[in-house]
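*Asks:* Here it is, the structure, as structure tokens.
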Amino acid sequence: MTMNYYCLIFAILLSFPCAYGDLKPKFYEAKCPRVEDAIANAVATAEKNNPGICAGVIRLHFHDCFVNGCDGSVLLDNPNSEKTSDDNIGLRGFNVIEAAKIAAEKSCGKPSPPLVSCADVLAYAARDCVNILGGFTYEVVAGRFDSKVSRKEDTTGNLPAANFTFEELKDNFAKKKLSAVDLVALTGAHSIGVAHCLSFKERFTNVKTSEIDPTYADSLREKCKNGDFVIVSQDHVTSNRLDVQWYKNENQNKVLFLSDWVLRTDSASQSLMNNFAGLNRNLPPQFIKWEPAFIDAMQKMGKIPGGPGEIRKVCNAVN
Ligand code: HEM
């Protein structure tokens with residue numbers, strides 16, 4: 001009798017879907033068991049049709065999570081939305097997320113109301129992009145709500161700027177409960193994608209503020225002579241591979257932003273970067289590999305809590 005009672009309680013608990021707001025692995029398994037595959041397929045198609053767009057998706061996830069938590073606020077359109085902030089210059093990949101959201105909802109069968117939050121779609125899509133561009137993967141917990149607001153002014157103070165000092169970057173990450181190791185590991189994402197000359201021209205116009213390889217500076221000057229909105233690959237060696245090349249570039253003073261270069265101004269951070277680049281064998285074993293450090297930091301970043309909200313029907317508008 002008691003046994004049957006416990007079995008019944010257990011069965012009832014199992015049949016309950018997970019509650020949104022409570023992040024879990026395989027969150028959608030009960031209602032949409034194929035959702036992660038559906039998103040992965042949509043993302044793979046998008047990257048095939050528009051090579052490099054995956055870099056945009058990874059940055060989108062970062063810019064989503066750092067502004068009021070991972071809540072899809074960056075995806076919303078309105079005249080004063082986060083998208084309109086200068087801090088979000090060059091943000092791209094929105095269409096990838098809309099396509100992945102459609103595929104996600106379709107995979108659930110015939111949904112009404114919608115089941116898969118845009119914030120979750122973005123977290124999964126970023127993971128898939130890491131897999132496509134880096135060749136490694138990790139588990140993503142889900143159950144995020146979508147926010148009902150998106151305000152330009154919220155990016156200020158939340159998103160780090162390309163002219164931040166090391167201390168400013170460290171403080172900015174600490175506010176999100178991310179460590180200096182996370183900062184150094186995540187910035188390795190600058191081994192993919194592009195940047196506008198506007199975001200780094202200080203580096204070659206005002207060479208006294210930071211060190212930059214003179215030949216590299218000349219090549220940037222040459223590329224940027226046609227204006228602030230020319231785009232340049234962030235990693236001049238393997239621009240479409242998410243790998244440790246960026247740390248090798250750091251070691252040679254061949255990175256774009258001041259915020260990249262300043263990671264060298266702290267000895268622990270510099271040592272860690274040399275280690276990630278495979279140039280330093282003296283650190284403890286847990287610091288040796290970049291991939292696990294990057295995964296750990298991406299997973300932590302993906303858990304920055306958003307507030308309560310809704311599950312949007314489409315990702316660029318509230319319901
Ligand atoms: C540490 C502080 C960071 C600063 C100051 C910073 C700044 C920037 C800037 C200024 C751009 C170029 C924008 C443009 O001109 O178009 C950029 C691009 C990019 N960032 Fe960061 N970033 C930081 C950290 C991160 C992190 C944590 C990630 C991801 C985990 C990331 C991923 C990317 C990617 C993938 C691009 C290229 C995007 C594309 O090709 O569309 N960044 N970042």
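Each residue, glycine too, has its Cβ placed from N, Cα and C.
So TrEMBL has the following annotated:
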ACT_SITE  H63  active site, proton acceptor
BINDING   D64, V67, G69, D71, S73, E82  Ca(2+) 1 binding site
BINDING   P160  substrate binding site
BINDING   H190  heme b binding site
BINDING   D235, T238, D243  Ca(2+) 2 binding site
DISULFID  C32-C108  disulfide bond
DISULFID  C65-C70  disulfide bond
DISULFID  C118-C315  disulfide bond
DISULFID  C197-C224  disulfide bond
DOMAIN    22-319  domain 'Plant heme peroxidase family profile'
SIGNAL    1-21  signal peptide
SITE      R59  site 'Transition state stabilizer'
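Please go over these features one by one and say how buried each is and what sits next to it.
*Replies:* Its Cβ placed at the centre, H63 (active site, proton acceptor) has 21 other Cβ atoms within 10 Å. Annotation note: H63 (active site, proton acceptor) sits in a helical segment as assigned by DSSP.
Other Cβ atoms within 10 Å of the Cβ of D71 (Ca(2+) 1 binding site), summed over all protein chains shown, number 28. Under the DSSP three-state reduction, D71 (Ca(2+) 1 binding site) is assigned to coil, being neither helix nor strand.
In the three-state DSSP reading, P160 (substrate binding site) counts as coil. Taking the Cβ of P160 (substrate binding site) as centre and 10 Å as the limit, one finds 21 other Cβ atoms among all the protein chains shown.
In this view, H190 (heme b binding site) is surrounded by 22 other Cβ atoms within 10 Å of its Cβ, with every protein chain counted.
All chains included, 20 other C-beta atoms sit within 10 angstroms of the C-beta of D243 (Ca(2+) 2 binding site). Under the DSSP three-state reduction, D243 (Ca(2+) 2 binding site) is assigned to coil, being neither helix nor strand.
In three-state terms derived from DSSP, C108 (disulfide bond) belongs to neither a helical nor a strand segment and is classed as coil. Around C108 (disulfide bond), taking its Cβ as the centre, 17 other Cβ atoms fall within 10 Å, counting all chains.
Over all protein chains present, the Cβ of C65 (disulfide bond) has 29 other Cβ atoms lying within 10 Å.
On its own chain, C118 (disulfide bond) has G72, L75, I97, K101, D146, R312, C315 as residues at least 6 apart in sequence with a Cβ closer than 8 Å to its own Cβ. Secondary structure at C118 (disulfide bond), taken from DSSP and collapsed to helix, strand or coil, is helix.
Other C-beta atoms found within 10 angstroms of the C-beta of C224 (disulfide bond) number 20, with every protein chain shown included. In the three-state DSSP classification, C224 (disulfide bond) falls within a helix.
Around R59 (site 'Transition state stabilizer'), the C-beta neighbours below 8 angstroms that are at least 6 residues distant in the chain are L91, G93, A189, G193.
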*Asks:* Within the same chain, and leaving aside D235, T238, D243, name every residue whose CB is within 8 angstroms of the centroid of the CB atoms belonging to the recorded Ca(2+) 2 site, in sequence order.
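*Replies:* Leaving out the recorded residues gives S191, I192, V237, S239, N240, R241, L242, V244, Q245, W246.
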*Asks:* Using Cα coordinates, what distance in whole Å links C32 (disulfide bond) and D71 (Ca(2+) 1 binding site)?
*Replies:* 20
*Asks:* Could you pull the average pLDDT for the domain 'Plant heme peroxidase family profile' (22-319)?
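*Replies:* Mean model confidence (pLDDT) across the domain 'Plant heme peroxidase family profile' (22-319) is 95.
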*Asks:* Relative to the Cα of C70 (disulfide bond), which of the binding-site residues D235, T238, D243 has the closest Cα?
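*Replies:* Looking at Cα distances from C70 (disulfide bond), the smallest one goes to D243.
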*Asks:* Less than 6 Å between Cβ and the nearest atom of ligand 1 is the rule; apply it to the recorded positions R59, P160, C197.
*Replies:* R59, P160
